[in-house]
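J.: Please find one structure pasted underneath; my questions will follow.
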Amino acid sequence: MAAFLLGAVLLIVQPQIVPSRPAINSNAETSSQSVQRELLKKTSQKNDFKENIHSNGSCQQLPQTIIIGVRKGGTRALLEMLSLHPDIAAAESEVHFFDWEDHYRNGLQWYINQMPFSYPHQITVEKTPAYFTSPKVPERVYNMNQSMRLLLILRDPSERVLSDYTQVFYNHMQKHKPYPSIEQFLIKNGELNVDYKAINRSLYFIHMQNWLKYFPLDHIHIVDGDRLIKDPFPEIEKVERFLKLSPQINASNFYFNKTKGFYCLRDSGRERCLHESKGRAHPQVDTRLLEKLQEYFHEPNKKFFELVGRTFDWHTFVAS
């Protein structure tokens, strides 16, 4: 299985296209396969689906779990850590099926074709961070599978804003294109620019309300992204329990790399760390501006805590 790390850094992983282990029940059609066939019939104008079954009994299936976000919350780290479990089969890249119209128009057969080959006993997982903040996505996921198990990983909203900017900044730098300073995005007419997209993405309670219109809270597991960075194993244990997986991932799968300054993964004797494109240093921002940002998120965070019935330690920036 692909193994990976955490922190603010991601590793380029190349998951196996076809699992090597034998299927548990190769002669009988599993309930997940039956459900998939029924979903295809209900949601497609055609019934001529190709099942893409491998000779070893594995096949491409609709995901039973989706990591829906949040952008710059640690979704890749979460996926790679979860992939340490032998009963997880993860899609290699972000699919963007439910949020990109060109992809969604292709239908569920196209979606299935983007999934990895897996055995009936495995859970297929895909992750697309943009799903959480895309208004149309919750209903579309619900129409596909009302019993979908959803994973949402969140970080301190102010920290997430800076990470959001940092990613776009470096993308421009790699293309040798100039990019404005973060102050130019955060300040407008002398005030905090609340229309900045990165800020809107951090208004978690607004987006969560949209998801809760379609899925009950017990179908959405929230991973604490800040804790995942500091101590990944307890957070992954919670994910295992949520997905009803047997406890296979253990503390020995994680080790702190002193050189890099974050946790990496160990699997079957192999050690892997996040890709260097992750965990980049955030831009230096004036303390007063950071305080404004943190103050702005105070009420939205409070609403989110009330909505989900738990609190998070989202007080990253403290006045000196």
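Each Cβ is built from the backbone N, Cα and C atoms, and glycine gets one as well.
Pasting the feature list from TrEMBL:
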ACT_SITE  K72  active site, for sulfotransferase activity
BINDING   K72, G73, G74, T75, R76, R155, S163, Y263, K278, G279, R280, A281, H282  3'-phosphoadenylyl sulfate binding site
DISULFID  C264-C273  disulfide bond
SIGNAL    1-20  signal peptide
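Distances, neighbours, how buried they are, the whole picture for these features please.
T.: For K72 (active site, for sulfotransferase activity), the number of other Cβ atoms no farther than 10 Å from its own Cβ, over all displayed protein chains, is 23.
A 10 Å cutoff on Cβ-Cβ distances gives C264 (disulfide bond) a total of 23 other Cβ atoms nearby, all chains included.
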J.: Per 10 Å Cβ neighbour count, which of the binding-site residues R76, H282 ranks highest?
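T.: Counting Cβ neighbours within 10 Å, the top one is R76.
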J.: I need the nearest neighbour of C273 (disulfide bond) among the binding-site residues G74, S163, H282, using C-alpha distances.
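T.: In terms of Cα distance, C273 (disulfide bond) lies closest to G74.
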J.: Would you mind checking how many other C-beta atoms are within 10 angstroms of the C-beta on G74 (3'-phosphoadenylyl sulfate binding site)?
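T.: Around G74 (3'-phosphoadenylyl sulfate binding site), other Cβ atoms within 10 Å: 31.
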J.: Please report how many Å separate the Cα atom of G74 (3'-phosphoadenylyl sulfate binding site) from that of C264 (disulfide bond), as a whole number.
T.: 14
